[in-house]
Amino acid sequence: LSRTLACLGDSHPRAGTGEWLRCCGGGEPRPRTVWLGHPEKRDQRYPRNVINNQKYNFFTFLPGVLFNQFKYFFNLYFLLLACSQFVPEMRLGALYTYWVPLGFVLAVTIIREAVEEIRCYTRDKEVNAQVYSRLTARGTVKVKSSSIQVGDLIIVEKRAPPLLSTGSCFLRTDQLDGETDWKLRLPVACTQRLPTAADLLQIRSYVYAEEPNIDIHNFVGTFTREDSDPPISESLSIENALWAGTVTASGTVVGVVLYTGRELRSVMNTSNPRSKIGLFDLEVNCLTKILFGALVVVSLVMVALQHFAGRWYLQILRFLLLFSNIIPISLRVNLDMGKIVYSWVIRRDSKIPGTVVRSSTIPEQLGRISYLLTDKTGTLTQNEMVFKRLHLGTVAYGLDSMDEVQSHIFSIYTQQPQDPPAQKGSAPTTKVRRTMSSRVHEAVKAIALCHNVTPVYESNGVTDQAEAEKQYEDSCRVYQASSPDEVALVQWTESVGLTLVGRDQSSVQLRTPGDQILNFTILQLFPFTYESKRMGIIVRDESTGEITFYMKGADVVMAGIVQYNDWLEEECGNMAREGLRVLVVAKKSLAEEQYQDFEARYVQAKLSVHDRSLKVATVIESLEMEMELLCLTGVEDQLQADVRPTLETLRNAGIKVWMLTGDKLETATCTAKNAHLVTRNQDIHIFRLVTNRGEAHLELNAFRRKHDCALVISGDSLEVCLKYYEYEFMELACQCPAVVCCRCAPTQKAQIVRLLQERTGRLTCAVGDGGNDVSMIQESDCGVGVEGKEGKQASLAADFSITQFRHLGRLLMVHGRNSYKRSAALSQFVIHRSLCISAMQAVFSSVFYFASVPLYQGFLIIGYSTIYTMFPVFSLVLDKDVKSEVAMLYPELYKDLLKGRPLSYKTFLIWVLISIYQGSTIMYGALLLFESEFVHIVAISFTSLILTELLMVALTIQSWHWLMTVAELLSLACYIASLVFLHEFIDVYFIATLSFLWKVSVITLVSCLPLYVLKYLRRRFSPPSYSKLTS
């Protein structure tokens, strides 16, 4: 049983904090003293351990949804309109003509929101009801996640046999920082001496922990046991901590809970999800305000032409109601239903299987993206490492020559210890061969020893686990390490003959090609950190007693540590250009007394309280001098399928791609080159590490002098630049063809997205696959989650979820483009439909001495915007200007949309003019041609209006779909059939006459023919770009 002391919350909360974060006061977070197993001995109040992702609760749901609907000018206007019908002086027609459409719109919205809330509630309930084992004086009891308190001792089990007997365990932090590798976590040494886990409750001990913060890479605390003599204190670091949201790989862990609820690292690193409103919806909202202005103006003009006679203010209100059709209530419904259709089409697309639309309110955003921000690991790359190159300075081995390395290793371990005296002639050649073999052997041995990898044995059905561990069974061995690079290196040494077969905290075992086991004692281990960019290990060879210090790290730091040579820099550059991650391996032999002296100083430095890390680093650096350079290794992180062509397509579509990654600068630059994010002929400007204002100023000036150059910058430098020179930095960065930000914290990614939106006013799209990308995805205008190895957290938080990065091209180029163009056509057509009838009303009123009398009564008005014209107009959501293959082949077509031309003031004005022309033509035509009775004017004008609308839909459509034809014919049939029931408005006998037919035909021709002629001329003399591709 491994009794690791750890910080735990619930084991995998979904990212997100609820509304309760704002309502319950908590003051500033403070450091805490936590007594083991005694939650009641607390020095402050801690938040409950619950996750809440809902937008509303039971009481706020209805008011909240209604408020969100009526805060739009659009909906509020219709509410006031419907309410005004309760006043007798203002009533114009039946109440249902106003309340039914409004009720329908609200019902659809409320049902949609309710379904989403219920889903959210059930997900949260599942997470909060997860069961854990709590250690108490009465033994272990099962508790729900929501009942866990600070100070509880929780047992975390992995449903697998305990793999490490030493008390350490492995965990994965992919949901926090996107790294999929296993990290080693160590127990508190003094608790390991207790006989059973229950004894943790008998001793008097406490943990002093820092205040909750968002830093997932660090932890500072101390463990104190008071009842021993003398009291024992141990320092705690990130190596002793298990964050909530991580997964343990082996063994059983007993941990004390230090943080709960909203103080968890995972929760503090996620921003509150905002409800996204599409830019398209905002533009439509803006157009409705213009229409409202037109409505007021028309009403005032009508009253002014009556010379403000009598109770003119009431007349103004009546005219406002009479012309209320100028703003179409059906616009919102049509657009919302259109969005549902687009979402359905995206889900059904067989070329991008597995795509899920989680937010059906913003598909049009996909058609206007200017900046794409992508994660690296798991999104652009597969996070699978392959060993590609071993370079010894004079000779390099690639994948095709690994058998030579194998034969060198073989010859070292199989040659006879006493060589017979060699013949004179062959002596020099064998000596050369010997020295080459020993050089290769030293390099391979260094790679096999200098790492943080642990071989773990699992039963394979034939051999059980204990047997496999004893026999070092190859088929049962898996490697666990904190980085996939390290695993790739160790797997490579196994393939050339030197196999890592055993490892614990104090020793390493290697197996040679001759099945000997080499034992090494680990004297010291210096783990890799992002500051030092290197790792080291001091081992003693059990057979010879030699002490060797091995080290590997990035070329930038190792260049100053190894002895002078003339090839390191050049070869590192060559390998980096091939997109390989380069590590430099070096060694140094130590004498016994040299090591003893070092150890004494090292232990002293580790015990200091102030500047501990600085003092420790200084002691280690005293060893890191004049090391012998052994070799370079090159490992490749393989790209996802079709990443290069996808990025190429996006670039040609006018989208700028930024890569935001938590990874190292070298790796990020490698991937950027490898994925052709930075093209071959582009320079790369690597922004130096800056810490203050002056340095940032100088570095920005240096960058300003470069043109058409990609920028690579680290998170720390970025923070300094944004603090002092936010405007200047963003201005320069936005001009770059590509930007790579490395070592980015999750909150920093979100900050970059926010700045891009504020500075450029353009739409951003964020793509990621890990829990560390959630903030960026939620902040962007359009978040896309890739379901990958890093779990589903990103894809659950995103608006759209895809299974591979390459699907993004089709999602934007085809679906985004179509959704935006269709919605633009649909919205303008719906506006045209209502403006037509309003223009007719205006002509009618002005002819009859500006009387506020409605032209069409009751059902005719509702029927006009529903049964008679709804299907043909709505069928515009199936229209497309080019085939999807053409849209993918010519991404430049997407560039046209970035200017927002499909829906602009210009196109809106054209449609307004068309509406006025058609409305007045139909009305004047009917007035000119009607005979004695007024009832005929209604019949003639209404029939012409319906026919005009149907013909206009046909004029707008660019490629016919069979459903469009059905919709046109169905609407016409509905109108003809309903004439039988409309005898109170329309004279059925008059309709059957020839004079009715020719009058309607003439009016319809006059209203439509000129537009058909204009369309033909326009297509002939200034065709749009897409028509050149289709002809």
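From the backbone N, Cα and C atoms, a Cβ is placed for every residue, glycine too.
The domain 'P-type ATPase N-terminal' feature in TrEMBL is assigned to 39-99. As annotated by TrEMBL, transmembrane segment applies to 58-80, 92-111, 282-306, 312-331, 830-850, 856-878, 908-928, 934-955, 962-982, 988-1014. Residues annotated as ATP binding site in TrEMBL: ASP375, LYS376, THR377, GLU486, PHE528, LYS552, ARG581, THR661, GLY662, ASP663, ARG743, LYS749, ASN772, ASP773. Taken from TrEMBL, the feature Mg(2+) binding site covers ASP375, THR377, ASP769, ASP773. The active site, 4-aspartylphosphate intermediate annotation in TrEMBL covers ASP375. Here TrEMBL flags 796-1023 as domain 'P-type ATPase C-terminal'.
Within its own chain, PHE528 (ATP binding site) has ASN452, SER482, SER483, ARG534, MET535, GLY553 as residues 6 or more apart in sequence whose C-beta sits under 8 angstroms from its own.
In terms of DSSP secondary structure, the domain 'P-type ATPase N-terminal' (39-99) contains 29 helix, 0 strand, 32 coil. Among 92-111, 908-928, 934-955, 934-955 has the largest number of CB pairs under 8 A with the transmembrane segment (962-982).
Along the domain 'P-type ATPase N-terminal' (39-99), the predicted structure has mean pLDDT 83.
Here the Cα atom of ASP773 (Mg(2+) binding site) is found 7 Å from that of ASP375 (ATP binding site). Highest Cβ count within 10 Å among the binding-site residues THR377, ASN772: ASN772. The recorded stretches the transmembrane segment (282-306) and the transmembrane segment (988-1014) do not share 3+ CB pairs below 8 A when only pairs 6 or more apart in sequence are counted, and are therefore not in contact. Residues 62, 65-66, 69, 75, 78-79, 81-82, 85-86, 318, 321-322, 329-330, 332-333, 336, 854, 857-858, 861-862, 865 of the same chain sit 6 or more residues outside the transmembrane segment (92-111) yet have a Cβ under 8 Å from a Cβ within it. Long-range neighbours of the transmembrane segment (312-331) within the same chain, counting only residues 6 or more positions beyond its ends whose Cβ lies under 8 Å from a Cβ of the stretch, are 74, 77-78, 81, 84-85, 89-90, 92, 101-102, 105, 284, 288, 291-292, 294-296, 298-300, 302-303, 306, 827, 830-831, 833-835, 837-838, 841-842, 845, 852-854, 861, 865-866, 870. Neighbour counts of Cβ atoms within 10 Å were taken for the binding-site residues ASP375, ASP769, ASP773; the minimum is at ASP375.
When the binding-site residues ARG581, ARG743 are scored by other C-beta atoms within 10 Å, ARG581 scores highest.
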